[in-house]
Amino acid sequence: MPEDSVKVAVRVRPFNQREKDRNAKLVIKMQGSTTTITNPEAPSEEPKKFAFDYSYWSHDGFTSQDDGILVPNAGSPYASQHKVFQDLGQGVLDNAFEGYNCSLFAYGQTGSGKSYSMVGYGANKGIVPITCDELFKTMGTNQDQNKRFEVTFSMLEIYNEQVRDLLSKDNPKGGLAVRQNPKLGMFYVQNLKKVPVGSYSEIEMRMEQGTSNRTVASTNMNATSSRAHTVVTIVFDQIIKDDSGNETKKSSTMNLVDLAGSERADSTGATGDRLKEGANINRSLSALGNVISALADQSENKKTVVPYRDSVLTKLLQNALGGNSKTVMIAALSPADINYVETLSTLRYADRAKKIKNQAVINENPLDKMIRELKEENEKLRKALEAGGVVPSDGRTQMSEEEMKALEEKIRSQLMANQQLIGDSEQSWDEKLSAARNETEAFVSEGNREVARKNKEPHLMNLNEDPMLSGVVFHFLDGQATVIGRKDGNPDIALSGLNIQKKHAVLTQEGGSEVTIKPGSDGAKTKVNGVPITGPRSLEHMDRIIFGSNHVYVFVNPAKPQAPEGTPKEITWEFAQKEVAQAKGFATGLAGLTKEQQIAQEQILEVLPMVSEVNAVSEELNKYKSFEVVLISAAAQESTTGKSASGPQDPSSFATKDDPRFRPQVMVKMKNLLNGNTWLWAHGKFVDRKYMIQDMYQRYLDGEDVHSIPREEDPFWEPTEDILIGTADIFLQSLVNAMDFSDQLSITDYKGQEEGKLNVNIIPCNQSGLALDEDNYVEDSKELLKKPFHFKIEVSSAEIHKPRFSKGIKVKYRLLTDKDFTETKQVVDTLSPEFGHSRVVSIPKMKEQHLDFFRDHSITFLVFGKQEDTAGDPNLAKLTTKELRQMEQIGSAADSSRRKSVFAHDTPAPDNAHIRTELVLMQRKYERLAQKEKRMMQLCDEWSKKPPEEQLFEPFFRAVSAVAHSTGTRLKTRVQLLNQMLAIQKKQEEETPSEQMLRAQRIIRENASSEKVSSQRPPSGFVSFSFGFPSPVFLPTFPLTASHASVAQPTLYASPVSLPDSGAA
Ligand SMILES: Nc1ncnc2c1ncn2[C@@H]1O[C@H](COP(=O)(O)OP(=O)(O)O)[C@@H](O)[C@H]1O
Ligand SMILES: [Mg+2]
């Protein structure tokens, strides 16, 4: 049998607006069939190379025609939709006509361009529609009277391991069943609608219908569309009559699969979440990866079992992947630097896929014979079932009840499978087609009516985080007042999902063009342009409305089509979400932000709506948990996720502040509202948990008792862990001069609030930890080079403010060269722990790098508090999650005035700490010099007071130079003093003793100031100000509570009943 490798194409899309805004760097290059990717963090590294059947450059070099179609500029390598179809789609089509099964997959992270390639946007139609169009065009050229065609279309979605029929409005709870044909081994979806189609436009209609159903379901069920796989299946049959009137059927099944986003949670810190394995997060996608790996191994003659049965997707695509199918995979690539890790992983995936070999055969069968055989078999099976006497094939007469049941089940599914093959009914093809056409017609005329209304009447148009699902659902305003609400309230427009009230909002029309919105009931959450509404508000064309948590719409008013100034031409889901963030007090502009901050900000905007949603579920299910977004230094983040950085061991490679370790991390804090315990979740872990929480909520809506699930399976539950109270930094600068440094450091939490003080000493010492004395001070750090150097880190004690941390306190830290954290002992039952911790760090031979390291780096001490899983305050448990969250928000509103907006600081906080350390050091130097000055003055005084005959220069000179030589002035002072003294000696004969003395005094003073230390003490306020500086976490820490509405609309808190929406929606 001929073997065929899976064909693999990669395609890189243009930068999107966000990437342009932040000046993203391009990391992909293509030349011929070679694709290379450069690591933006190691630009000098050799780029990684991959070769594929096709490499499509769709990044730049194109123009938009008047009709919106993107075409290549002259001489540009730009690959248009048409080009991609010609290479990939045409092959699929040809194979289909020959009777082969064909499959086309799109793989890649969310937003990389899978749907663009498969389905396309607007005028830029993707491979699926063009292929379908061409299919019917080619069929139309058929002249053969003895040949007829039958095309059926089906469209399904796999979400959370459940199959939904996208052509059907009513899907059973838990999805459609996936069964296996016992005889042929193939899996199929039971009761999936397969509609006959007679033209391309019918297919187009069906796809629209499917997308619209998908959108409604995804919004109502809070489903994350990027986690869904969409499968379009077209069965193309050619029935050929031979001269003797016997019919043969050539059948091709085309599977066109837009896979779920491939972003791996582990790249964002979700590895090791105990819940991940059990949940169905991306199970289908990881199973697909395993299947591809196994198939690739098989192609290299390694013996492996291919785990098709591990997921719904791999069951359904068994044939497409490793069997009778010609298969094409298109891997969609993001061009931007920040997606490097994901894109590289996509390339590697694609690289493995190209090894897979398939054995496609032409599916040609005598039709009559096939149907006759199937019918005969079914007849037998039916009889066997009716007789109730199923006979075991091994000839036994006795069978257990279970065995009986299993056998019966097997027969039933065989029956059903055969039935599916024969055709669901006895209707002729033409009858079935015309029935389907009636249905499409209804849909078409509905669609036409909708188009006509859209141009005249005010309406709402949906927005979805997936651009494919935006602008798909339209709601028109009926009559004077349109009520929006939950189905059970019998509204005009029914919505379901989180935070939708029975009567949620009312839209009133007056004079045909004026539309007003108002809340339909107390507590109904609706936002217009990001701001919660509390009373009637008139709507303008292109206003954004969010009902509850996730129904996002644009209000379109054709009767008064002037949008207020500043409204963007095209409104996207991101725009609507950004507005919400802004209204909550988050800055969203990119101006003046570093790249790291921009990335963090983007993540915040992504996570904020999710946090709101999870809070809403927590309230509805009364989980006593509250969530907020926090931004945290990398050092702290590592320790909270247990992830140990595998950083290089050489301190010199950490010399800059651009080091990824200094990146701020967007995390989510979960708080137990009853006992105050908190947890910090990495971005990826939170996103996965959110998905599980959505799933749990859906099961709750489906009537499942989710309150009784074991806590190990509860996405809201987490074992207690030590919590990071705060961090404190000490700079190592003093070591450059071999000076010791003690400080009381402020322990600050991620919001920059002081949580306590930490007493730390950094002391140069000998190998055994004995502190060096002052004489070892070096003015010029070069003197330390090439010698061994030792210093001691002492963590002596702390004072912690919050009583709840008295259960146990410990400190962890590590030098950048350390692999693991060093821990102090845990001190329990006190807020003033004495750690008595001391550690000697030895550097066998000092290098320039070590000095740089001392100059630029600090040690971050992470102060941890023990948490216990206590029941908490019984009085609090009498309140609901919603009430407790409201109380919390009022509490945090009180201190919110001190908080500043996100990224308000341009100066990174470390500089403050740096300056402070430097000041302390300067002050120390100053004190030293002042002391010396005083001593020299004394000597001069004593000398001048002596009778002239005792004013001998020799002893005076020795005394003064002894002081000069003493601790810490081995600099210019020493040399210059000596020189000057010699000069004095020369002039001695010409000057009177008192003249000589004055001169000596002046010289000493001049030299003192040449040490660059002001001979005047700095104003005391300044010094104490520098001491009062909070020792911050590495990056400016920002107030990122979802309760930020309190900043923007503080007055709304006046009435506790109508609290503003603050994160719950
Ligand atoms: N080749 C391309 N040319 C132009 N725009 C593209 C291209 N590929 C993707 N895009 C745009 O990028 C965005 C995300 O693409 P999409 O196909 O929806 O991603 P995915 O399905 O992988 O999540 C869309 O707005 C889409 O129009
Ligand atoms: Mg998509």
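Each Cβ is built from the backbone N, Cα and C atoms, and glycine gets one as well.
No curator has checked TrEMBL annotations; they are predicted automatically.
Pulled from TrEMBL, these are the features on record:
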type	residues	note
BINDING	Gly108, Gln109, Thr110, Gly111, Ser112, Gly113, Lys114, Ser115	ATP binding site
COMPBIAS	638-655	compositional bias 'Polar residues'
DOMAIN	5-356	domain 'Kinesin motor'
DOMAIN	482-533	domain 'FHA'
REGION	638-659	region 'Disordered'
Predicted model, mean pLDDT over the domain 'Kinesin motor' (5-356): 90
Those binding-site residues in Gly108, Gly111, Ser112, Gly113, Lys114, Ser115 whose CB falls under 6 A of ligand 2, listed in sequence order: Lys114, Ser115
Binding-site residues whose CB lies under 6 angstroms from ligand 1, from Gly108, Gln109, Ser112: Gly108, Ser112
Fewest other C-beta atoms within 10 angstroms, as judged across Gln109, Thr110, Ser112, Ser115, which are the binding-site residues: Thr110
DSSP-assigned states of the domain 'FHA' (482-533) in counts, ordered helix, strand, coil: 3 helix, 23 strand, 26 coil
Shell of the ATP site beyond Gly108, Gln109, Thr110, Gly111, Ser112, Gly113, Lys114, Ser115, same chain only (C-beta within 8 angstroms of their C-beta centre): Arg13, Ala106, Tyr116, Gly261, Ala332, Ser334
Cβ neighbour count (within 10 Å, all chains shown) around Lys114 (ATP binding site): 29
Under 8 Å by Cβ from Gly108 (ATP binding site), same chain, sequence gap 6 or more: Lys114, Leu259, Gly261, Ser262, Ala331, Ala332, Leu333, Ser334, Thr346
C-beta crowding around Gly111 (ATP binding site), within 10 angstroms: 23
Gly113 (ATP binding site), number of other Cβ atoms within 10 Å: 24
